[in-house]
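Undergrad: This is the structure, below, for whatever I ask next.
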């Protein structure tokens, strides 16, 4: 007697579990917020919108007192003069593209200002004197999508006479002697800060962030395999400007100078001296 013919395709289809959510509710589920437990367990970071209300909620939940963010439509000195004083810093939203990466040498500015970055696998990070030989790539990897919170922290950590709250003040003290790379790693691994940043997360945001990270890892592995195989295929790298992301950068007056604190760079940039202790020198920005 002949054996019955196997049908692997049918068998595979039969083993697929039915979705937990009915099809007509998928969109509603995707747009719903995560639970507090789901946010705490997720190790990713969402891309935050440029919305002052979100920044104010983050500052409040971090424990920072008597500080608020306010949207500016122009950055002339007259507009800044109209703001409540003191002004602790400015946050700009820039679109970045080809050539944004820097080729910089280490500078001795870390002792002058508190600065954390978020660069991933930057060659400078792997050779920095503050990292031991036992530090692996996974240990120095800092986070994507956290530039809004990193910009806020780079401002409030350098503000004089500011009540940061108990937990954030403790974080500042524990990271004050670290280099910029390890400060960024400390932010990435801090559940308290990450949970607050992700408090606005919808399920769709989480899925998008995980998918982007998976694609980044896949592209990196393909490039590594191509280099090992000696493949050097020339292809067009033309990318529409609309496909490049946006990035928050902080500008801070501290120690008599205006600083550019860009989380994608290895070092803070000293732009010049401030004109007045209570004024932000916009001509330097």
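Placed from the backbone N, Cα and C atoms, the Cβ positions cover glycine too.
Marked as domain 'UCH catalytic' by TrEMBL: 44-285. Positions annotated as site 'Transition state stabilizer' by TrEMBL: 118. Sequence annotations record features per position, and here TrEMBL assigns active site, nucleophile to 147. Residues annotated as active site, proton donor in TrEMBL: 247. Look at TrEMBL and you will find 262 tagged as site 'Important for enzyme activity'.
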Undergrad: Taking the Cα atoms as reference points, how far is residue 247 (active site, proton donor) from the residue listed as 'active site, nucleophile' in Å?
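TA: Approximately 6 Å lies between the Cα of residue 247 (active site, proton donor) and that of the residue listed as 'active site, nucleophile'.
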Undergrad: Fill in the CA-CA distance, the residue listed as 'active site, nucleophile' to residue 118 (site 'Transition state stabilizer'), as an integer in Å.
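TA: Each residue's Cα considered, the residue listed as 'active site, nucleophile' and residue 118 (site 'Transition state stabilizer') end up 7 Å apart.
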Undergrad: Would you kindly give the Cα-Cα distance separating residue 262 (site 'Important for enzyme activity') and residue 118 (site 'Transition state stabilizer'), rounded to the nearest Å?
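TA: Spelling it out, the Cα of residue 118 (site 'Transition state stabilizer') and the Cα of residue 262 (site 'Important for enzyme activity') are 9 Å apart.
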Undergrad: Hey, which of the recorded positions 118, 147, 247, 262 is the loneliest by Cβ count within 10 Å?
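TA: Counting other Cβ atoms within 10 Å of each of the recorded positions 118, 147, 247, 262, the minimum falls on 247.
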Undergrad: In DSSP terms, helix, strand or coil for residue 118 (site 'Transition state stabilizer')?
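TA: The three-state answer is coil.
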Undergrad: Taking all residues of the domain 'UCH catalytic' (44-285) together, what is their mean pLDDT?
TA: 76
Undergrad: Provide the three-state secondary structure of residue 262 (site 'Important for enzyme activity') computed with DSSP.
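TA: Going by the DSSP assignment, residue 262 (site 'Important for enzyme activity') belongs to neither helix nor strand, so it counts as coil.
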Undergrad: Three states by DSSP: which one describes residue 247 (active site, proton donor)?
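TA: DSSP assigns residue 247 (active site, proton donor) to strand.
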